[in-house]
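Taken from TrEMBL as is:
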ACT_SITE  A:Thr181  active site, nucleophile
BINDING   A:Thr148, A:Lys170, A:Thr181, A:Glu261, A:Asn380, A:Ser385  substrate binding site
There are 2 protein chains.
Amino acid sequence: MSVTAPRGFEAAGVAAGLKSTGAKDVAVVVNRGPLKVGAAVFTSNRAKANPILWSQQAIADGVVEAVVLNSGGANCFTGSFGFQTTHQTAEKAAELLGVGAGDVQVCSTGLIGTGDEVFRAKVLAGTEAAIDGLDRDGGIAASEAIMTTDSRAKRAVHEGAGWTIGGMAKGAGMLAPGLATMLVVLTTDAVLDSAQADAALRAATRRSFDRLDSDGCMSTNDQVTLLVSGASGVTPSPDEFTAALASVCLDLAEQLQGDAEGAAHDITIEVRHAASEDDAVEVGRSVARNNLFKAAIFGNDPNWGRVLAAIGTTDATFDPYDVDVWMNGVRVCTAGGPDRPREDVDLTPRATDIVIDLKVGDETATILTNDLTHDYVHENSAYSS
Amino acid sequence: MSVTAPRGFEAAGVAAGLKSTGAKDVAVVVNRGPLKVGAAVFTSNRAKANPILWSQQAIADGVVEAVVLNSGGANCFTGSFGFQTTHQTAEKAAELLGVGAGDVQVCSTGLIGTGDEVFRAKVLAGTEAAIDGLDRDGGIAASEAIMTTDSRAKRAVHEGAGWTIGGMAKGAGMLAPGLATMLVVLTTDAVLDSAQADAALRAATRRSFDRLDSDGCMSTNDQVTLLVSGASGVTPSPDEFTAALASVCLDLAEQLQGDAEGAAHDITIEVRHAASEDDAVEVGRSVARNNLFKAAIFGNDPNWGRVLAAIGTTDATFDPYDVDVWMNGVRVCTAGGPDRPREDVDLTPRATDIVIDLKVGDETATILTNDLTHDYVHENSAYSS
């Protein structure tokens with residue numbers, strides 16, 4: 001059911017010709033209220049697509065009536081013409097929905113540099129067709145319309161006590177942290193004000209999407225938007241809602257990890273006993289971004305030296321010669337020296353667990369990543385051609 | 001001729017059984033003087049191999065009589081036993097050469113975690129055999145003995161006015177900046193004192209090896225050592241010597257780039273009109289480390305959006321919407337929008353030139369890198385097995 005699982009939402013996904021395959025490529029999600037609360041987080045890349053520049057302004061008042069999303073073109077580095085396209089998209093949706101353009105969020109994904117007259121015409125027509133087709137059961141179609149190289153749509157639902165959270169996500173590459181790392185729409189019929197929605201969204205994404213680092217490449221178009229209808233009439237406690245939202249975000253993040261371009265392993269890197277949570281994240285991310293480590297995992301090679309070589313490049317507090325490393329439950333390195341034989345490690349399962357014990361504090365963090373494979377190289381050397 | 005091109009040096013390379021192929025794997029370079037000046041730079045990785053820990057101490061007095069180098073094992077994360085192996089190697093060489101152990105530099109390269117009793121015995125025997133075989137023409141053999149996954153030995157010679165610089169290098173992966181990024185020995189018969197040698201070496205490596213970033217992975221074992229015999233009796237000006245040393249370093253760095261594991265393109269990233277040299281380096285390096293960009297180049301795909309997405313993650317001073325990008329001479333992006341058609345760019349040659357004009361200042365820097373290929377993934381998923 002995706003984003004239409006909670007009460008108060010309608011959605012649609014249509015094919016507007018942006019994708020050469022003829023697949024769905026424009027989605028609209030509308031909040032029918034009674035609340036029209038919205039919150040969003042955006043890529044921290046300074047190179048921001050036109051929809052990001054628009055949506056960042058539009059979210060300032062904490063009111064969102066609708067989100068229009070397209071695949072098949074990023075509308076990034078397309079100049080003032082591209083910004084006008086985004087603006088016209090919001091105005092078109094606003095006019096048809098009878099709301100203000102400033103309350104329409106716009107998201108795009110696809111090839112950077114794509115956003116000409118043909119793109120504009122298709123996006124505007126698709127927006128109109130999607131709004132014509134809005135439906136209480138449109139969440140599935142919407143989740144399909146935002147796919148790019150994704151092999152499957154990503155959806156999640158959490159049922160609270162009388163209230164619900166729904167979500168959809170797209171993303172299979174250029175997945176790296178920076179507030180948000182993909183296109184995600186989250187919806188809820190719980191009752192929250194705009195400050196609560198913003199705080200919950202930031203807390204939830206910080207420990208989910210921000211801890212996913214598939215390929216170290218930060219996108220120009222990433223946005224996570226939360227829409228609050230309040231249609232359940234139920235007001236959960238902030239902690240309860242935030243925990244539920246975080247579980248939905250982590251569910252979607254794991255779906256993104258599991259569908260990352262060309263990946264053969266889903267790698268969970270748990271850093272234990274760090275001096276601070278930031279240290280734990282920095283250490284985990286250094287491993288997640290090390291191509292030699294990632295290629296070794298692809299080859300089912302428990303080359304733990306590459307873990308230590310990676311974390312040695314960080315500024316985190318620890319003694320490089322007193323670190324333990326486990327690979328799939330086997331402690332291969334203790335206190336800076338070999339422990340159990342490499343041959344004891346079985347890296348054939350897709351799920352791969354790396355544990356790094358820094359032995360200096362009480363903080364922990366888990367980073368999700370993927371291996372570096374032939375298929376990753378293939379997909380990313382042929383994407384725009 | 002490599003390291004034995006200048007007067008005052010002897011070298012040898014022998015097979016000690018560290019490599020399963022039976023190829024040469026232990027090298028010794030000896031400075032016969034009259035000067036015994038030495039300088040060295042080391043990896044800035046906090047995870048340092050035992051030979052690095054030894055050599056950093058031993059270089060403190062600026063005196064180097066000899067360098068012993070082995071391939072076939074990194075002797076990194078091998079605990080106190082591994083450090084003793086390095087110590088015994090220096091003592092063995094010192095005893096046979098009639099010098100102090102503290103004036104012997106030791107370098108190792110190979111798999112991290114390799115350094116057991118068998119390794120020690122072979123290194124010690126190889127050191128003895130190499131010293132037995134020291135020769136005025138031993139530079140070629142020495143350059144071969146330090147190869148790991150290198151497909152060819154790297155050597156360079158510069159002839160000054162009555163003085164000479166020679167050099168050898170090994171390195172084909174784990175190439176990323178951090179003072180030094182590979183094993184390199186440089187020799188000269190010019191007359192320099194230890195402060196001059198150190199200053200010249202730091203200046204030369206900063207703009208050569210430190211600007212090579214093949215795969216973003218910093219090694220635990222990298223060291224560049226300069227030996228000064230003074231045997232020519234000629235004292236070049238510091239500027240003249242530093243420029244010559246830099247040219248030898250850049251020559252070797254380009255040989256390393258050209259032989260990087262699995263690479264199909266040698267990519268030169270020139271950043272122009274930066275506000276500072278540091279900004280230019282940061283911008284260039286962000287592109288060099290972007291896997292999506294590197295995979296696109298492998299696919300001969302002029303996907304300039306990935307250049308802008310990469311540089312947008314930096315803190316350098318520039319306007320992301322006012323940057324020009326050239327690929328092999330074609331300006332594909334102007335002022336944050338498309339310029340010439342992608343189809344005009346021919347990326348089939350191995351040599352690939354990327355120019356990024358930041359339009360804010362007068363500083364420039366050039367980073368050398370490689371593409372991300374199937375062969376890189378293959379070689380690095382199978383290296384230790």
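Keep in mind that glycine also has a Cβ here, set from the backbone N, Cα and C atoms.
A map of TrEMBL features onto the structure.
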residue	record	Cβ within 10 Å
A:Thr148	substrate binding site	22
A:Lys170	substrate binding site	26
A:Glu261	substrate binding site	26
A:Asn380	substrate binding site	28
Report summary line: A:Glu261 (substrate binding site) falls, by three-state DSSP, under coil
Query - Candidates from A:Thr148, A:Lys170, A:Glu261, A:Asn380 close to chain B, where binding-site residues are judged by Cβ under 8 Å - result: A:Asn380
Report summary line: DSSP says A:Lys170 (substrate binding site), in three-state terms, is strand
Query raised in the report: Should A:Asn380 (substrate binding site) be counted as helix, strand, or coil on the basis of DSSP?
Result: helix
